[in-house]
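Feature annotations, courtesy of TrEMBL:
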| type | residues | note |
| --- | --- | --- |
| DOMAIN | 60-467 | domain 'Cation/H+ exchanger transmembrane' |
| TRANSMEM | 51-69 | transmembrane segment |
| TRANSMEM | 75-93 | transmembrane segment |
| TRANSMEM | 114-131 | transmembrane segment |
| TRANSMEM | 143-166 | transmembrane segment |
| TRANSMEM | 178-201 | transmembrane segment |
| TRANSMEM | 256-279 | transmembrane segment |
| TRANSMEM | 350-371 | transmembrane segment |
| TRANSMEM | 377-400 | transmembrane segment |
| TRANSMEM | 412-429 | transmembrane segment |
| TRANSMEM | 449-470 | transmembrane segment |
Amino acid sequence: ANATHEVINVTLHTTLAATTKLVVPTPAKPILPVQTGVQAQQEEQSSGMTIFFSLLVLAICIILVHLLIRYRLHFLPESVAVVSLGILMGAFIKIIEAQKLANWKEEEMFRPNMFFLLLLPPIIFESGYSLHKGNFFQNIGSITLFSVFGTAISAFIVGGGIYFLGQADVIYKLNMTDSFAFGSLISAVDPVATIAIFNALNVDPVLNMLVFGESILNDAVSIVLTNTAEGLTRENMSDVSGWQTFLQALGYFLKMFFGSAALGTLTGLISALISFFNFDDMHHIDLRKTPSLEFGMMIIFAYLPYGLAEGISLSGIMAILFSGIVMSHYTHHNLSPVTQILMQQTLRTVAFMCETCVFAFLGLSIFSFPHKFEMSFVIWCIVLVLFGRAVNIFPLSYLLNFFRDHKITPKMMFIMWFSGLRGAIPYALSLHLGLEPIEKRQLIGTTTIIIVLFTILLLGGGTMPLIRLIDIEDSKARKRNKKDINLSKTEKMGNTIESEHLSELTEEEYEAQYIKRQDLKGFMWFDAKYLNPFFTRRLTQEDLHHGRIQMKTLTNKWYEEVRQGPSGSEDDEQELL
């Protein structure tokens, strides 16, 4: 009996051990520690001072932009002015700290998490939401080729060049994954100053859209490529061959790119369907009658794909970009006129504040970041960045010209190469990399700051003379006096409302404008024929009449409040009229 009992125990233990090996329990999700007591109070005070410092810097930058507009300094791009102001503020703070009058080291440090969670999503969403959809979808193939394949080419050239130069002991030595990570993050272009110059000089709209559209998608692609390199760095790849590493990286990139794009597109289409059903009285959820609730719902859908994508390990930037494009193309035209104006102006204002804050902290980083400078590394990186941009633009442009009706001219190619400015995204990504030892992070961060400032100040400042030199601007703009050139994005943003974002077409008008056009091809034809009629409702004359009454009522109410103001007078009223 004892022997039988022991055999049974051994059998049970063997079975349990085998079962445990086959079915591994999922580890519990770790709960982040919560600060309490004195630690919580200190963290709250530190966060409060950081918020105060950020808002103070932003207020000073807004005053600077106002002075640029007030004194008509339109020849200076706002991004260049804000970066220069940030450098001056950083120098002033450094002097104060040297005199031991104050200590702002923690507050003036640029925080990558704040950038990716708070500042970057509104910028990316507004970029997708404010696209000129006609030019974008007509050039979607070229934009995708430049932003996806072109960015990958640039990343491989810069990363490969840094790796092999390091192996030859010409520059600081980085391993393969770190080199590719740096090549990916430095390939993110941000031609803010160039776009302002394009708009001021009325250059070819196709060139404008190619540069602008590429920069939007390029940011998301660059972030995904950098995350791919980081993923390879975190994993143990010593026992994996180079071909297997490449396939693993390619699979990760495709999952991030297409998965995030599909999630953002789906979210945008759901918002279009919800706003579409607002028109149906059977559903009793007509939010158009309460624009504040309708506007709140659209703001939720604007940020929703970012949080969801990041929560399931996808790219929130890619998701929110495609969501913005889809919501602008379908959802926006289902909204009431009041909500349309609110969305357009609110997104522009928030994106402007976020961009201004980013460029200001970029200038502050000259004095706040612990630098490690190596001349050879910086020079070779600048050379590789310019060479990678050239290999990206020129061969792909010649390839695309075989399939395009509107050819990309050599002058346009040169301007596209020259306009490859770098912005705050490369800098934020460089701080986000978990590289060891610390001197490697400092070297990459310092080099990134120098390249960003080099492209913004030198290439950005030289774009207008270059355009005039090669005579690529519009003939009407060529006749203008230089004093009439306006590079202020903020002034134009406040004075105009895009008619495309306020278009409300009836069924007959839509059919006459889109369906019967013979020049629509590919996706444009499919969208006009099937997608747009399904996701957007063509308005009736009664809907248009109701919208005009709503706008007239709000305008009259505002006018009455102005007339009844304490400082109102007959002269002020006449001047207002």
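Cβ coordinates are placed from backbone N, Cα and C, and glycine is handled just like the others.
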The transmembrane segment (143-166) vs the transmembrane segment (412-429): 3 or more CB pairs under 8 Å: no
Stretch of maximal Cβ-Cβ contact with the transmembrane segment (412-429) [cut-off: under 8 Å; candidates 75-93, 256-279, 350-371, 377-400, 449-470]: 449-470
Within-chain partners of the transmembrane segment (350-371) [C-beta distance under 8 Å, separation at least 6 from its ends]: 54, 57-58, 60-62, 65, 78-79, 82-91, 93-94, 105, 108-110, 115, 118-120, 122-123, 125-127, 192, 423-424, 427-428, 442, 445-446, 449, 452-453, 489-490, 493
Recorded stretch, among 75-93, 256-279, 449-470, maximising Cβ pairs under 8 Å relative to the transmembrane segment (51-69): 75-93
